[in-house]
Structures are given as C-alpha cells and as structure tokens.
Amino acid sequence: MKLLLKNASVINPAQNLNEKEFDILIEDGIIKQTGKNLQLNSEEGRTIDLTGKIIAPGFIDIHVHLREPGREDEETVETGCNAAANGGFTAVACMPNTEPAIDSAEVVEFIKKKAANHLVDVYPVAAASRERKGEILSPMAELKDAGAVAFSDDGVAIKSSSLLKRALEYSLMFDLPIIEHCEDESLAGGAMNESINSTLLGLPAIPNVAEDLIVMRDILLAEYTGGRVHIAHISSANAVNMVREAKKKGIKVTAEVTPHHFTLTDDAVKTYDTNTKMNPPLRTKKDVEAIIEGLKDGTIDCIASDHAPHSIEEKEMEFEYAPNGIIGLETSIGLAFTELLHKKLLSLEDLIYKYSINPRKILNLEVPLIQIGYKANLTILDKDVVWTVDKSKFLSKSRNTPFDKRLLTGKALGVINNRKMFFEGKFHNI
C-alpha cells in the first residue's frame, strides 16, 4: 500500500530540516519520494492532508514499565505498545522490574518476541544485578547479545558501590549506559517529598538529599571508571546542578525528567489523591524551576514518562500504603507542549531533541532520517490542538493518572513505523 502525506512541516534537527514543507510518499514502509505537489490516485493508496501539522522523526520513551511478565493485570507488552502509539511514540525502552526480572537472555527474548509484530519498537533494559537485588552482577554480555540496550536495577539504586563500579566497567565495553534510580534507601521509605506540606499533611517524607547522595556517588564512579551513567527521573534542584557540573568536566552522565516533575509540585498532594504519589516524589516549586532550567540549558537530555501502570484496587489504598507511580505515555507530549512549548520555555526543535534524538543517542540507537530510501519512522504532531485528557479513552490497561480532565494544547495525531500507521485512533497496515 502507498501512503502520501501532504503539506506538513517537516522537522528533523539531525538533518537540518527546520519546518520545511514538503510531501512524503511512503510505499511498503519506505520513504519513496519527497517533494512538492506529489499526487496519488485513490486506487493506489491513501492521501492524508497534514496542512498546519508537523512531521518529526519517531519519538521514543526510554523509561516505560510494561509489567509483562508478572503483572499482566496492570499492563502487557501489547497494551503498553498500544498506549505508546496513541501517545505519539514509535519506540519504548522497558524497565526490568518485572516478575521475573529481565536478568536473563530468555526474558529479553520473551519481551522482544511479544513486541515483534507491533508498530512500536520495544527495547528491553536489563537488570544490572541478578533479580535486581544488588548482590550479583547480571550476565551483561549475554543480555546485550540478546538485545538489551542498557542496564538498571530500576525501582532502586544499585545498592553496592562496588557492584556499580563493576557494572560501569563492564558496560563500558559495550558502550551501553547504566540507568540509575537515584535514591538512598536508608533515607527513603516515605510517601511524599519532605517539605512544609509533608508536615501539614502528616505524611512520612523523603528528603531531596536521598536523591542527591546517589547522584553524587554515581557521578564520581562514572568519572572513575569512564563508564556512562544515566540519571532516571531527576527531580531535585541539587541533583540537576550536580549533573550540570559533571558535564562541564566531561564526565559521561546524562539525565531524563518526567512530565509530572516539570508540571506538578508537592502542593498537588494536598488532595491526598494517590495518583500524586510517585517515586521520586513531586518536589517543590524551586525544584521544578531548576528542572526547567536544566531542560533549557541541556543539562537534562530527554523527557521520559516513567509510565507505571497500577490497578485501581491498589491505588485506592490509603495514601501512605498505595504504590508509587502513574501512567504517562498518553499525556507526555501534551504536557510538554502545554507546559514548555506554549510557555516559550523550549522550542519545537528542542522538544524533538528531547523526545527523539537525544534518547536514541543515550541508548546507541539509530536516529530516524526523513529521506528517500529510509524506513518511515515518524511522529505526526499538532502543536495547537486543544484537547481534554479523558482517561477512559486511554489504550493503556491502567487508569492511574492525575491529569484526567486536564485541558492541554498540542498532541500527537499519529505515528508510522514498521509498515504500520496509527492514525485517528486506529491501526492500519501500509
């Protein structure tokens, strides 16, 4: 089948394409022709007029929990990929805190097989240690050969500094990053950020320094070993500054931030809505301002959702006992456009770096090119459409979001990848 995309503004900073308007003809999943005034008979295929819309290289979310194997009641590889497509992503990297953990080639291969025929590419992140216990190093070479793109004990920091040192040394041989959930467990265990709000609400708290200590440890070990460390869901002002200073010294450290950490503060917890409970917790206005500055100056490399599905029953527990995490694949781009683009904090080109180019560079993945002869891997965007979040229409299996009924400006209209298209709420073969 042929597909003609007409009149869109095409942006790919990796090719110096900056809102250049032209048509794109796709056949059998490959870009066959680009130019002005291309035509396609209806018998040959489908034409979509994208006047006023944007085409970008396919977006990737490098921090997603697909829950399979082990918690298929919350999410599966298929439903998570459906949510990703609906949110505007052509690829995700899935985290290893499954049951069992992604600590063997068999589990990596299981996940890749589950995703093999989907529009959305799935890249497994393997556990850095066996069962994510922080005691015995995982078989990293075997996991890399099976298809793992990074290593992490996600959900917790790698407990032993000695083990982290060895993990960084081994991962250096493969040029793959260690992704760290930065939190000192001896200082953690609370339900929200330590602040005046935690005192007023009477909730046990997690101080910023719990994150800062592990960020500093990881930066020092990255400097010592020459390995690459990626700071997941950075949330504290001090942590952002430490990453900034480390980059100035040439240390191989990168960082991501979630939309909820640049959109919400711990004031949101005053409702006791368990959908405002996540780890790291929502921080103060000062931390949010530091995060936005980090996004603007390049300290924070990319935006990732930390998509964490939970069942309704689990999230209906008392705040202190409810599990951490929210889903984010289907609201991420809308929140970024609303809070960053339309407030003139980041440009459209900046966001394409944060969602498409930088995250792929972190994982050593090829950045999609929008040119003849290359596979069509595209995200279609409307930066000006106004829409209301409706969690009942999500394609994720779970509904745990604090953004239901929120008015947003800008979203993804569709995605194209692997000879498939998701557009107007439906999957199509192309």
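In case you wondered, yes, glycine gets a Cβ from its N, Cα and C as well.
Note that TrEMBL annotation is computational and uncurated.
Annotated features, as they stand in TrEMBL:
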ACT_SITE  D306  active site
BINDING   H63, H65, D154, D306  Zn(2+) 1 binding site
BINDING   H65, L66, R67, N97, N279, H310  substrate binding site
BINDING   D154, H181, H233  Zn(2+) 2 binding site
DOMAIN    52-237  domain 'Dihydroorotase catalytic'
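Shown here: features listed in TrEMBL, placed on the structure.
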| residue | record | CB count, 10 Å |
| --- | --- | --- |
| H63 | Zn(2+) 1 binding site | 27 |
| H65 | Zn(2+) 1 binding site | 25 |
| L66 | substrate binding site | 29 |
| R67 | substrate binding site | 26 |
| N97 | substrate binding site | 21 |
| D154 | Zn(2+) 1 binding site | 25 |
| H181 | Zn(2+) 2 binding site | 22 |
| H233 | Zn(2+) 2 binding site | 21 |
| D306 | active site | 28 |
| H310 | substrate binding site | 26 |
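Taken residue by residue with DSSP, N279 (substrate binding site) is part of neither helix nor strand, so it is coil. Annotated pair H181 (Zn(2+) 2 binding site) and H310 (substrate binding site), C-alpha to C-alpha distance, rounded: 19 Å. Cβ environment of N279 (substrate binding site): H181, E183, A188, I206, N324, G325 lie under 8 Å away, each six or more residues apart in the same chain. For the recorded positions N97, H233, D306, a Cα to Cα distance of within 10 angstroms from H65 (Zn(2+) 1 binding site) holds for N97, D306. In the predicted model, the domain 'Dihydroorotase catalytic' (52-237) shows an average pLDDT of 98. Among the recorded positions H63, D154, H233, D306, the ones whose Cα sits within 10 Å of the Cα of N97 (substrate binding site) are D154. Checking each of the recorded positions D154, H233, D306 against L66 (substrate binding site) by C-alpha distance, the shortest gap belongs to D306. H63 (Zn(2+) 1 binding site) carries a strand DSSP state (E or B). The shortest Cα-Cα distance from H63 (Zn(2+) 1 binding site) to any of the recorded positions (H233, D306, H310) is found for D306. Among H65, L66, R67, N97, N279, H310, the residues given in the record as binding substrate, the maximal Cα to Cα distance rounds to 17 Å. Ranked by CA distance from H233 (Zn(2+) 2 binding site), the recorded positions R67, D154, D306, H310 have D306 at the top as the closest. Same-chain neighbours of the Zn(2+) 1 site beyond H63, H65, D154, D306, judged by a C-beta within 8 angstroms of the site's C-beta center, are, in sequence order, V64, M95, N97, A232, H233, A304, S305, H307, A308.
Put simply, of the recorded positions R67, D306, H310, the one whose Cα is nearest the Cα of D154 (Zn(2+) 1 binding site) is D306.
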